[in-house]
């Protein structure tokens, strides 16, 4: 089966690898986003899918745009793929592309559609504190994740899962379901989504990383594990941005009349902070302009003590 693969992040690269390992699939072209400046030094960096594809000597293209890109349309028509596989590519496909392959464009989406349609289903399901999610293999149409369902399977979200671990699990499941779908593509009966049950997973805004001590411990923890890759969670301390790199929920009693944000205790493993309904333990921190520190080094470096208020 001749395939064009469209994808960008590690999640997609893992699935591409599984496709390459299947001898009946011939990856004719890999389409990914353009290289982008990354980090403080703004170093031009290729997306993970490009790096992976080049290791296997696959043909790679990186169009700046899809809509109205006649040159790119002609490239696809010349290849004449039986299917275009789309995994976290990052752009909506125009009708001209959807109509090219014999079996259409097949998307691997990291949620149980119609729930969590959109760009950030893994982050949003973690932020919402859900304990179940999954993968949907969908035949794409012109809408945002509105196409017919070809295959679907759910998995449990563990309490200690974060965006990194859950992405890996879903990527593995996505590869398995995609391969199963492609092998049986001519026999699968598509199922329409129930639009009345649709929920949405819009892109993450950097501002969503800011937490407040007036939030509950679970809210803060869910945001921490959802936004661990980007933008991370942070608060403001003495007018500077304070990033929280590692944390956990803790327990202490007799917290009535204690102001949220108060440091309740300091030990070898972390700083205990009062929040809306309990306590969190800060284990690794970084103040704006400084380096990442263990809680112990942070306490020593900034002369923090029990009873101080982090604000």
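Positions of Cβ are set from backbone N, Cα and C atoms, glycine also.
Annotated (6S)-5,6,7,8-tetrahydrofolate binding site per Swiss-Prot: 111, 112, 113, 114, in sequence order, evidence recorded as sequence analysis. Long-range Cβ neighbours of residue 114 ((6S)-5,6,7,8-tetrahydrofolate binding site) (same chain, at least 6 residues apart, Cβ-Cβ under 8 Å): 145, 146, 193, 194, 195, 197, 198, 199.
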In the structure shown, which of the binding-site residues 112, 113 has the fewest Cβ neighbours within 10 Å? 112
In the same chain, outside 111, 112, 113, 114, whose C-beta lies within 8 angstroms of the Cβ mean position for the (6S)-5,6,7,8-tetrahydrofolate site? 109, 115, 116, 117, 121, 134, 136, 145, 152, 193
Note down the number of other Cβ atoms within 10 Å of the Cβ of residue 111 ((6S)-5,6,7,8-tetrahydrofolate binding site), including every protein chain shown. 25
